[in-house]
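*Asks:* Below is the structure I would like to discuss, written out as structure tokens.
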Amino acid sequence: MYAFAVWDGRTDRLLLIRDRMGIKPLYYHPTPDGVLFGSEPKAILANPLARRRVGLDGLRELFTMVKTPGHAVWEGMREVEPGTVVTVDRTGVRRRVYWELRTRPHTDDRDTTVATVRSLLDDIVRRQLVADVPRCTLLSGGLDSSAMTALAARQLAAHGERVRSFAVDFAGQADNFVADDLRATPDTPFVHDVARDAGTDHQDIVLDAQALADPGVREKVIRARDLPAGLGDMDASLYLLFRAIRERSTVALSGESADEVFGGYQQFFDEEARQADTFPWLVRLGRHFGDDADVLRPELVKALDLESYVADSYRSAVARVQRLDGESDFEFRMRRISNLHLTRFVRILLDRKDRASMAVGLEVRVPFCDHRLVEYVYNAPWALKSFDGREKSLLREATADLIPRSVYDRVKSPYPSTQDPKYAVALRNQAKDLLAQPDHPVFDLVDPERLRQAAHRDTPVSSQAARRGLERTLDLAMWLDLYAPEVSLG
């Protein structure tokens, strides 16, 4: 993973280079006399040549779970795309793609494919454990992080070392947890199974509702992203987890992106999501996380026309997917779904991870983003990736000897979210305080009546969808306070 700039003084040429998967961020802003660049938007926004202006397309990026390549939300600013070199010289700005996900035949049988995946993972984890500072793993009790932790533990044990592992948990989660379509079980029992089997030096980072709803934490998260965060308590808990880990470790290995590589999300198996002519994760997003547009002013919703924006983005994305000669319609559809996750969806999560971790000085490495593994598994046909009818069949089989049976049998569960009713109460109280400021600029975007209904609702709120409007509005309001962007709706 890398993002760097090279200045060639002999030719007065600047090269901006980003890693293949987009693990590390890099931005630039052309000016009349050259270019501003930095690893985060804040580095560019600090220069008066960069206007703090967000137009309709920027707002569209904020209110859809879509990552348009190169788009940076802020007008005039661009993101160096993954696998790309941007050249700046006296003749202007040019870009060259040096790597992209390509379609190739996969000729290995199942046993060979499983063995190759295991061999790659052994090598990748070994390489990514190299560091002269304290290392650890992020452990959720899911297949990805458990396999990675077990591999790391085995490799470090050969050198007489013990791997540290960390997991996030919530105060009262054992009492508050209610199973739903997304999360059938809490993480903690599985985390402890892995930690015990792998012999890790493990610590649970337990967070309470007060910390998750703390406006000071929200400010830290927004300053890390330079944008309203978007995922509510999951953004706050990720930041707090990383901050706690940084007290003991400097480098962490994460299981991020394994779901995109191996086909772990429910939308890979949901027939409605498979057949939809849109990004498959959006089909399930509304069911579980609510609709961001629900809280916006009707006139803004009309101006944004998010449906058309998403449709245009989807058509552009799928047009780039190459079809293998002789590939069946079903296999090609699954290839497109895999490609969309690897070229669009994963970049949202990688950006979130990088900003939250680097804000506290923690380097998070992502073994499953190694391009060798990505290229190999991407080209394995879906029938092979799901040979036993389950998610991530190849990864499960390749690491079966490393993980507890409980984890082997566990169904995919996403990053955890608090179900503590005190969290929603805190959000409602903060929303009421915001409503007491009718001139706040957030109400140029948000419908105050809809926010009032959400803030004064008496029913308990524990689901993410039910509190989505509260979280999004509070994020937006703080972002407007901190960055004072010029929002253009024209």
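Please read every residue number as a count from 1 along the shown chain.
Keep in mind that glycine also has a Cβ here, set from the backbone N, Cα and C atoms.
Quick paste of what TrEMBL says about this protein:
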type	residues	note
BINDING	LEU138, VAL168, SER254, GLY255	ATP binding site
DOMAIN	1-91	domain 'Glutamine amidotransferase type-2'
SITE	GLU256	site 'Important for beta-aspartyl-AMP intermediate formation'
*Asks:* If you measure every Cα to Cα pair among LEU138, VAL168, SER254, GLY255, the residues listed for ATP, what is the largest value in Å?
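*Replies:* Largest pairwise Cα separation, rounded: 14 Å.
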*Asks:* Around the ATP site formed by LEU138, VAL168, SER254, GLY255, which additional residues qualify by having Cβ within 8 Å of the site's Cβ center?
*Replies:* THR137, LEU139, SER140, SER145, PHE166, ALA167, ALA252, GLU256
*Asks:* So how many other Cβ atoms are close to VAL168 (ATP binding site), meaning within 10 Å of its Cβ?
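*Replies:* Other Cβ atoms within 10 Å of VAL168 (ATP binding site): 26.
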*Asks:* Over the span of the domain 'Glutamine amidotransferase type-2' (1-91), how high is the average pLDDT in this prediction?
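*Replies:* Here the mean pLDDT over the domain 'Glutamine amidotransferase type-2' (1-91) amounts to 96.
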*Asks:* Using a 10 Å cut-off, grab the number of neighbouring Cβ atoms around the Cβ of SER254 (ATP binding site), all chains included.
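*Replies:* 23, counting other Cβ atoms within 10 Å of SER254 (ATP binding site).
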*Asks:* Given LEU138 (ATP binding site) and GLU256 (site 'Important for beta-aspartyl-AMP intermediate formation'), what distance in Å do their CA atoms have, once rounded to a whole number?
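*Replies:* Cα of LEU138 (ATP binding site) to Cα of GLU256 (site 'Important for beta-aspartyl-AMP intermediate formation') measures 9 Å after rounding.
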*Asks:* Including all protein chains displayed, how many Cβ atoms other than that of GLY255 (ATP binding site) lie within 10 Å of its Cβ?
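*Replies:* Counting Cβ neighbours of GLY255 (ATP binding site) within 10 Å gives 23.
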*Asks:* According to DSSP, folded down to helix, strand and coil, what is SER254 (ATP binding site)?
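*Replies:* Reduced to three states, the DSSP call for SER254 (ATP binding site) is coil.
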*Asks:* If you draw a 10 Å sphere around the Cβ of GLU256 (site 'Important for beta-aspartyl-AMP intermediate formation'), how many other Cβ atoms fall inside it, taking every protein chain shown into account?
*Replies:* 25
